[in-house]
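Colleague: Sharing the features that TrEMBL gives for it:
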DOMAIN    94-270  domain 'Amino acid permease/ SLC12A'
DOMAIN    388-691  domain 'Amino acid permease/ SLC12A'
DOMAIN    705-823  domain 'SLC12A transporter C-terminal'
DOMAIN    836-1079  domain 'SLC12A transporter C-terminal'
TRANSMEM  167-188  transmembrane segment
TRANSMEM  223-242  transmembrane segment
TRANSMEM  249-270  transmembrane segment
TRANSMEM  386-406  transmembrane segment
TRANSMEM  426-452  transmembrane segment
TRANSMEM  472-490  transmembrane segment
TRANSMEM  552-570  transmembrane segment
TRANSMEM  576-598  transmembrane segment
TRANSMEM  610-634  transmembrane segment
């Protein structure tokens, strides 16, 4: 080897020197691959480094929304103009978009109510849980996002490429639904601000009684929400560029609103805003229904009833009032709604006050006479519109912590995505977390508790509660929050269709697969998928306008968002989208944990500050938050994801993305295989692990597909099934044929519903290939213990002995390998998977004990629907000296202990004289054997004739493989000369032919063969008599003789034994017990 290498190097050096001497003045380029004689076809599959790098540069410059790299490198994209270079940095590309998506409607409309209801301590804990969950998810997301380029789809792309198409599709749909319901939530928030604080007069429906206010509000929300959704959908349809241009304005509104809150809190230290609330006893009154917080007022020098008096009293006469009892016995007081940061109100707001629906807001510490007031007066008090609890508040607040995927969704527009995504996302979460923490403290330290618990600001003259604290005016918050919610709704309506488009383009979810008619673009015909060439296969949800806008996906998004609008309650919609977002975040953490623990070679994220424990903690927190916020919503969300997962698994397209679940499966398989190496399985765990030996015809089609049908009925998808076949030839010449054979077998396995593996080997001889399969199939402890092969039909009529010799050789190989063997005879008569036996029996003829295989196989077959209605009968044979009655009792007890239901029958076989039929069958068998033997003895002379005549016809097909080898070796030694002695010998052999024929006529059969034939004939008579109408007959398969001279007689014995039976399964045990009476 060293000498060859030295000669090669010296030759290369000499050729280089010669080229340099002959091509004087020419520049030699050492990078030119032609100098090392690399073939062009090699360069096609293994490109030069320079071309690879140029392609990678173009790959990293893909714009957002472009096809991912598997499709982007196709030749059909060459006519498109070059994309623009990404130039967005961390601030504009990740940080500010994340801030805009995280800050939203909950901060302005519900955070004050959450603080007042849960108290500062529990609100702090709610914010800590939600923000910790998103921070841990951001760490996992940063690791995944920096492990490669993340095209359109964001979280869907990361999860699908990390956990596989099934998880990716399920979680992608959940993320899409969450984003769509987020659009509905933002629209409901904008309508709530519009109708409650901006233009209350625009309400269409009004309450006719104090108890009908809720339905009127919900109907107003539905009407205006639908109008707003339609307008936003039109804006997105007309052009997303307008949404992107307004994004900066919406973000400015959010930032200005938050700054005004901090400014108002600081100002409240010195000059608290004047928002007084009116209390009747300790109950909070609705402020906009009266002008003066007093029972009476002075009109000149006369004391007259106030508007408040008139609301509670039916008579306007002060001297004889007919008033509400609670109004009569309690005083009216006025307290400051915004005491300010230095007032010490924080002590009263530390702990929560959860209310039931309809419960009146009360302030502890104010004197009150607890009497029941009139029912008609309920509408004059501020009351809770829903029942509150800690878990409900968690579900409502969590959407204010979402939006962390905004940076990863824009990865194609970032200058350095692997640097910007982690920094920008984590900084944005840190900023929002600090804002939420400080807001909780400021709200609790500045605002009166009853005002905090007043969700809609009824106690402060219908003002937005957070607006009462802001500076310089409450209108800053009202207008700013309105525009921010509208902007967030537009962003959600823009992002959700693109997410659905990314899922549809991957073509993994069948119900998203529809077809678009290219031939009739004006009609835009939508039809189910078909194979007609007239149609161009493309998902309608992956299709859009000419500029790539997903039109149909936008329409579907609008319809789903309308469902959220019809719910019409912000507090009901928020927990729904919390479930979907938490589901998505859970799988982001799971993806990072799986990739980290598997240590796959491709897992090389640039973001280093991650750990699998953090990912598992984030995953656990997501799961806990799902059940804390709403356990029934959590179950529904998980069921939706589970159904989509199973739907994709059974009906979806198979995608190989190098996902972590595949790696996890490999690791689990490796672990299980190593565990199986400890020893053979216990008898209780034994089941047939089958190696099926198939024969292919000249067209590489499976010759006996019913063999696979029988195996599928026997296995029912359990255990190991390996389908093997042998191709005769040389591997280098037959590789393509091997691939075609494997595909044909796999197709047949799919048709026959056989779950297993396929292996095709190439060997110079079929019997050697079968021996290789028997020895090498399987891996470790996952190896076959049973071989199934077909019967060599037509072996009697064929002069070629290779078929039955290969069969017997396989029987010997399985015996030597201690494997069980099953040979279905007349397999073409076996039932298909679509047939049903409504009656009949499976008969077992138990001649010798072979480990219990004959008992176990009928039980396994009866598990399949084809054989389920068949009854099982067991026959055994008693000799003259056996007690047949005791044998039947013992066998029945044995079956009872095996827990197998079967009828038992003992058949007595008496010794009898050998019949003339038996003698004749034996004689015919031996005469045929002798004739074939004489034909083989003259093979050398005929082979010489073939060589002498220079004929191309080979006579090797008449002989076995071993004999072919002998003839070939002898033929090499034969000299092509013809002498007189050889001519005389050849003539003598020709003259001896009549003598050989006379020997065949006068042949007497061997007595041992006669005895064996007698046993086979008598046993066959008994079996046919008892089991002629059985659906299947199982019987012991006798072993082949040790002396190979009797192989042909062995085949004849098996034919006689099974003669007259429609379906026979010959079974030979592997030498170990496969069934036990113990539990």
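Cβ coordinates come from backbone N, Cα and C, glycine included.
Since the structure is predicted, the reported quantities are computational estimates derived from the model, not experimental observations.
What's the neighbourhood like for these features in this structure?
Modeller: Summed and averaged per residue, pLDDT over the domain 'Amino acid permease/ SLC12A' (388-691) gives 81.
Helix, strand and coil counts under DSSP for the domain 'SLC12A transporter C-terminal' (705-823) come to 53 helix, 25 strand, 41 coil.
Sequence-distant contacts of the transmembrane segment (167-188), counting only residues of its own chain at least 6 positions beyond either end whose CB sits under 8 Å from a CB of the stretch, comprise 104-105, 153, 155-157, 159-161, 221, 225, 228-229, 232, 399, 402, 485-486, 488-489, 492-493, 495-496, 499-500, 502-503, 506, 508-509, 557, 560-565, 567-570, 573-574, 576-577, 579-581, 583-584, 587, 637, 640-642, 644-645, 648, 652, 659, 661.
Listed by sequence, the residues of this chain that lie at least six past the ends of the transmembrane segment (223-242) yet keep a Cβ under 8 A from its Cβ atoms are 183-184, 187-188, 190-191, 194-195, 202, 204-205, 486, 489-490, 493-494, 497, 549, 551, 554, 558, 561-562, 565, 568.
Tertiary proximity for the transmembrane segment (249-270) is limited to same-chain residues at least six positions away from its ends with a CB under 8 Å from its CB atoms, namely 96, 99-100, 103, 107-108, 338-342, 435, 438-439, 442, 445-446, 466, 469-472, 476-477, 479-481, 483-484, 486-488, 490.
Sequence-distant contacts of the transmembrane segment (386-406) (same chain, six or more residues past either end, CB-CB distance under 8 Å): 94, 97-98, 100-107, 110-111, 114, 117-118, 122-123, 126-127, 129-131, 133-134, 137-138, 141, 154-155, 178, 182, 185, 352, 354-357, 425, 428-429, 432, 436, 571, 574-575, 577-578, 581-582, 625, 628-630, 633.
Panel annotation: around the transmembrane segment (472-490), residues 100-101, 103-105, 108-109, 182-183, 186-187, 189-190, 193-194, 197-198, 228, 232, 235-236, 243, 246-247, 249-251, 253-254, 256-257, 260-261, 263, 463-464, 466 of the same chain, lying at least six beyond its termini, place a Cβ under 8 Å from a Cβ of the stretch.
Listed by sequence, the residues of this chain that lie at least six past the ends of the transmembrane segment (552-570) yet keep a Cβ under 8 A from its Cβ atoms are 105, 109-110, 177, 180-181, 183-185, 187-189, 192, 218-219, 221-222, 225-226, 229-230, 233, 236-237, 493, 496-498, 500-501, 504, 540-541, 543-544, 576.
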Colleague: Between the transmembrane segment (576-598) and the transmembrane segment (610-634), are there at least three Cβ pairs closer than 8 Å, leaving out pairs fewer than 6 positions apart?
Modeller: yes
